[in-house]
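*Asks:* Pasting the relevant annotations from TrEMBL:
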- 62-95: repeat 'TPR' (REPEAT)
- 242-275: repeat 'TPR' (REPEAT)
- 379-423: region 'Disordered' (REGION)
- 380-395: compositional bias 'Low complexity' (COMPBIAS)
- 543-572: region 'Disordered' (REGION)
- 591-633: region 'Disordered' (REGION)
């Protein structure tokens with residue numbers, strides 16, 4: 001949604017009340033035009049210049065604050081975005097503008113959401129909802145419900161990132177947040193159906209599908225994503241159509257319907273190529289490779305993993321390149337192409353070392369070790385030691401293996417004390433001293449403590465020196481009755497009262513002198529000229545519904561794709577919940593896909609790839625509101 005505000009009601013042919021107000025308006029209009037054209041950075045410069053010019057019209061200044069907040073959010077400067085939305089909220093409350101207060105509260109809620117301050121975001125979004133209901137503004141109420149759903153959705157995903165969990169296996173706290181999100185999304189969907197807003201229905205369906213997916217209700221997820229797909233086709237929204245196909249593929253995977261999943265991933269791939277999105281194209285190839293691995297069509301899986309590898313190399317995505325090599329090594333091993341598998345496993349090891357990925361490095365070393373055994377090749381000392389260390393990770397560690405710090409912490413536990421009878425400093429615990437000596441030591445300790453504390457306690461006592469001339473006023477109490485006593489109290493409290501006075505917030509761009517002049521004119525019954533009244537009528541005749549509407553930000557919307565994060569999962573690798581599923585499907589067949597190994601190694605009984613090496617599938621669940629810019633869609 002583009003930025004718009006009440007400044008649109010003011011045209012350049014309006015006669016200004018004064019030169020500075022006209023300059024402020026001209027600069028604001030140009031800033032708005034630049035933001036709508038997508039050049040938010042230049043738009044911010046014009047808005048800041050408009051504030052420097054200043055104006056005495058609160059509504060025009062409020063519109064500038066709102067748009068500045070939206071533009072800063074789009075640029076990723078959330079601190080400044082929150083600052084200007086706070087200014088906007090202050091002005092709205094000053095003017096008694098309930099609708100403006102509702103919208104600025106919504107914008108603040110969305111800003112706090114992307115900053116990870118979810119509890120505060122909930123408070124502002126609930127205030128937005130409360131004011132919208134009070135005003136009987138159903139469209140604003142729908143936005144507030146959508147934003148509340150977004151906040152709970154984002155909070156649930158944020159908490160659920162701790163540990164690697166598959167959909168439906170999250171903790172009670174995460175499920176509670178997601179269920180709250182479902183409740184608000186469903187209210188929003190019902191309201192949008194009543195209002196006939198089909199586009200908003202599509203957004204609600206997409207988010208409901210994603211939330212049900214996280215809750216493990218894949219049938220409901222498929223239902224809502226199919227409705228989302230239908231609405232996207234109705235509007236010709238190819239990007240939304242591509243997201244719906246990708247999400248449908250993910251849901252079908254967890255239903256075990258791999259052929260259906262492959263169909264939707266192929267649609268995703270085709271639409272990504274049509275949209276020219278190379279990163280999403282690589283993700284689709286990655287998903288297809290994994291899906292055909294589950295279907296045991298390893299030749300097709302290799303084809304798609306090679307396409308993923310080429311795009312990852314082109315985009316300089318080393319994480320994605322390492323995952324592609326890992327997958328290619330597994331597929332070639334399944335086809336008994338052990339030499340080729342060893343080649344890709346070696347490349348995977350090199351990339352993992354380069355990235356400083358200890359888990360990937362350990363996985364690659366185990367694969368190399370197993371493949372060399374199959375090929376009757378000698379293992380390098382480094383591989384043997386690494387494999388041994390990896391195997392030792394699966395068994396409990398002794399105090400010696402835990403290092404000095406962990407060893408000491410372990411001995412502090414009851415089990416540690418019972419096991420070794422050692423103190424934290426590895427000294428034997430001796431109990432040869434007599435009880436009498438122990439009691440004497442205890443008494444000596446308390447005696448020493450009392451002596452150290454006595455002076456400190458005396459220093460903390462306050463004393464009143466009546467002989468001090470400076471205290472004369474305190475001892476010579478008033479003798480003329482209650483009136484003098486009250487005068488003394490007033491004198492003593494006056495400074496304290498001044499210190500307790502609140503300071504009005506600084507609102508940049510507000511011409512206080514102009515407001516004072518207008519107040520004086522009002523007191524003197526002087527009537528402003530017609531030009532000023534005409535400008536005032538244009539400014540204040542109506543406040544546009546979309547005054548505080550945000551710029552689109554696909555990186556935060558719950559329905560949009562996650563932004564490329566090369567350092568964690570790679571721009572060409574989807575989210576981290578698909579690899580573990582593949583591992584569960586593959587774990588039972590690893591021994592069958594190899595030639596007989598001369599010596600059975602119990603530590604790799606589950607196959608060449610340890611279970612804790614994981615990579616997963618993209619479920620396109622990033623979350624965001626719709627009330628402002630990237631944040632507030």
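Each Cβ is built from the backbone N, Cα and C atoms, and glycine gets one as well.
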*Asks:* Roughly where does the repeat 'TPR' (242-275) sit in mean pLDDT, to the nearest integer?
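*Replies:* The average pLDDT of the model in the repeat 'TPR' (242-275) works out to 96.
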*Asks:* Where DSSP helix means H, G or I and strand means E or B, what are the helix, strand and coil counts for the repeat 'TPR' (242-275)?
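*Replies:* Looking at the repeat 'TPR' (242-275) with DSSP, the answer is 31 helix, 0 strand, 3 coil.
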*Asks:* With DSSP as the yardstick, break the repeat 'TPR' (62-95) down into helix, strand and coil residue counts.
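*Replies:* For that range the per-state counts are 31 helix, 0 strand, 3 coil.
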